[in-house]
Amino acid sequence: MAEFVRAQIFGTTFEITSRYSDLQPVGMGAFGLVCSARDQLTNQNVAIKKIMKPFSTPVLAKRTYRELKLLKHLRHENIISLSDIFISPLEDIYFVTELLGTDLHRLLTSRPLEKQFIQYFLYQIMRGLKYVHSAGVVHRDLKPSNILVNENCDLKICDFGLARIQDPQMTGYVSTRYYRAPEIMLTWQKYDVEVDIWSAGCIFAEMLEGKPLFPGKDHVNQFSIITELLGTPPDDVINTIASENTLRFVKSLPKRERQPLASKFKNADEQAVDLLERMLVFDPKKRITASDALAHEYLAPYHDPTDEPVAEEKFDWSFNDADLPVDTWKIMMYSEILDYHNVDASGASAAMGEFNGQ
């Protein structure tokens, strides 16, 4: 049975196995607190994310289960990787991943990025997205703070808690507003992997300019700012809007012409502007794919078609429509954790006590 030690971080109890020491707070998210720590087994620095009260509601339990399944399945150089997972005696879940030191948001707020860094970062983002999308997964919440970077400029996409199956009937607002694709704002109902390409385009623009491209104060203002640059959406896009209120709002806006991005990004080279034009397209089906973006001339210095892998198999989303009680999600979670630790999962419910120190 694992031995647990306790520490207070920002008034929150961190209850971790004795394998980890030197806890330091890194950041606080909506669903958990992240600390850095020293893994005494590997002598490496790691990040430990505490999921707060994962079994308090079926929705939270399912969300945590989804993130765990995704972290186990997605194995790629540009995706954050899971190195350990455990449940504390207080029934909080802890994900342990590699520690990268900083994120793109912090980099962008500290200094302008030079061209070669912008190229290399965008290349790695698109390389990661090619893999994620090939697994049948949409990240949905891509933003600079979810893109981790180390001192060697290695980049990894993190925070897959909101990720969802590729499904033409996806529902709900999810990503941070500045980076949110228009189809999410306009319809709520039909979106796919292309939302990640839009978000990556917004991040690309921010790397080029040093500030957010579409800093909307609210959803109405956000959409208005987008149309000022990209013009009024084409009729075939407008006709996909399911909400009558949204449809009326869009049709009430003044007609605007798309502005050439070269006039906005005067210091960027032609290839950068051309790729950005292909990413920031209203019609999702006309947006460039991650795979095609990697082959674009702008990313030629890094493009290697023999080293841009796709997933070996699609992610299994069969659980995603399930409406289950907390206790069932809990047993499924324990089963996944036992599987991760190469323990026979057939007795997951009986083994629950061992994993929370009972």
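Cβ atoms here come from the backbone N, Cα and C positions, even for glycine.
Listed in Swiss-Prot:
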- 20-299: domain 'Protein kinase' (DOMAIN)
- VAL26, GLY27, MET28, GLY29, ALA30, PHE31, GLY32, LEU33, VAL34, LYS49: ATP binding site (BINDING)
- ASP141: active site, proton acceptor (ACT_SITE)
- THR171: phosphothreonine (MOD_RES)
- TYR173: phosphotyrosine (MOD_RES)
- Message: If I take the alpha carbons of VAL34 (ATP binding site) and the residue listed as 'active site, proton acceptor', what is the distance between them in whole Å?
- Response: 18
- Given GLY32 (ATP binding site) and the residue listed as 'active site, proton acceptor', what distance in Å do their CA atoms have, once rounded to a whole number? 16
- Taking just the CA atoms, what is the gap between the residue listed as 'active site, proton acceptor' and VAL26 (ATP binding site) in Å? 20
- Query: Once the DSSP letters are reduced so that anything not helix or strand counts as coil, what is VAL26 (ATP binding site)?
  - Reply: strand
- Message: I want to check the contact list for VAL26 (ATP binding site): same chain, sequence separation of six or more, C-beta distance under 8 angstroms. What comes out?
- Response: VAL34, CYS35, SER36, ALA47, LEU99
- Message: Taking only the residues in the domain 'Protein kinase' (20-299), give me the average pLDDT of this model.
- Response: 89
- Message: So if I draw a 10 Å sphere around the Cβ of ASP141 (active site, proton acceptor), how many other Cβ atoms end up inside it?
- Response: 20
- Message: When DSSP is mapped onto helix/strand/coil, what comes out for ASP141 (active site, proton acceptor)?
- Response: coil
